[in-house]
Amino acid sequence: MASYSFSSPGYVNIPPYYNTTPNSCSGLNFQYSLPESYTTNGTSSVSTSSGTLPYSTQPAFDPTYYHQFPPSFSYPYYPSSAYPSPYTSNQLTTALKPSEEYQNESIPLSIHDHSNPSTSNSPSPSIKIDGKICSTSKSKTNRNRNKIQQLSPDLDNNIERIFIWDLDETIIILHSLLTGSYAQHYQKDPQAAMNLGLRMEEIIFNLADTNLFFNDLEECDQVHIDDTSSDDNGQDLSNYNFSTDGFNSSSSSSNMNNTVRGGVDWMRKLAFRYRRIKDIYNNYRMDIQHLLGQQKYEELRQLRLDIETFTGSWLTLASKALNIIKQRKNCINVLVTTCPLVQGLSKVLLHGLGSVFDVENIYSATKIGRDNCFERIHTRFGRKPTYVVIGDGRDEELAAKQLNWPFWRINEHQNLTALVHALEWQFL
């Protein structure tokens, strides 16, 4: 069976198995041409002396080449026996649409989008109605709480495709720097890798501790930013002093605030913290410089450049894929991370990913596991959208299979490049 592949570093050919309907590619306008020389005798051959080849239009290229293959969805760069794919022939049929041109400029390290932040995509309660008291039924607390209006925005009902991303080792490289596995795999200096990882880890925890209440919330982590909003009475927090509200000393029943851990008052203070985190994220998601200050921002900027150089522009490739999805109508990026929610939000902000992930679309699987997170996302958006899971590990692949969702594995640069091409050609 003939196949084509780019020999340039980091480039692979988009596999032909995405075509599942006859003549579906006849109208596509391929934006990426093949290398200058190739053969059709079963394997491709590209000769180069400089290492990187220019790409030019090949008049002999026949798009109907893609029609000769059956709709098999096994990845060409993984043995099908080791990584069986959950793709079925009818799941991505609707994905094949006439190609639209996308801008291919390199995505900078910081993805700045100065447009107004999009409205909330979450049906979770977020709007407070002051003065409207709802008397509770016979509950454990048997007290009145302010009822928060629950909304389901129309945007959630119009979503057609949802891309669920893993964070660590899929979008950003951090853990493998700390452990040295990245350096070992790519034959790089392990000590240099560890130093880069430790520097980034320090900045992440510093932001989480200083601005996102990580010390307060370490033992009461949440799956979603709005999980405590039902305990929020909508109080104005402009002059609220979080350091003296008695939240940390709640283990003592004799403190001046008489706050009992897990009680109504304590839960309200917990909700205040998550509301402040949400406000900070929305205010600085595309302007992290003003949150960190000029000096710390310059340190972060230089560190990210160093990591990008060390990792072969891994984050830049992932950001390009994320940005393509963001520009599409009725498609969204959702993040499911295995680290605590506050730590995950800190990573997103510091890596310039705030513009492609709304805070309502970020979930932490630390407490409930990845499979339960996927179920929760499925319950939120319903059966109408198509779900695609993108990750590096076996856990997210198995969780995707339980729901019969397609899974795209990322553990090499070529996987990211292939994903970008598939998105640009509208195969995904």
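For all residues, glycine too, the Cβ spot is worked out from N, Cα and C.
Nobody curates TrEMBL annotations by hand; they come from automatic prediction.
The active site, nucleophile annotation in TrEMBL covers Asp166. What TrEMBL lists as active site, proton donor is Asp168. The Mg(2+) binding site annotation in TrEMBL covers Asp166, Asp168, Asp392. The compositional bias 'Low complexity' annotation in TrEMBL covers 116-126. TrEMBL lists 109-144 with the feature region 'Disordered'.
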Residues near the Mg(2+) site, Asp166, Asp168, Asp392 excluded, by Cβ within 8 Å of the Cβ center? Leu167, Glu169, Thr170, Ile171, Gly391, Gly393, Glu396, Ile410
Give me the CA-CA distance between Asp392 (Mg(2+) binding site) and Asp166 (active site, nucleophile), in Å, as a whole number. 7
So for Asp392 (Mg(2+) binding site), how many other CB atoms are inside 10 Å of its CB? 19
Of all the active-site residues given, Asp166, Asp168, which residue's CB has the most CB neighbours within 10 A? Asp166
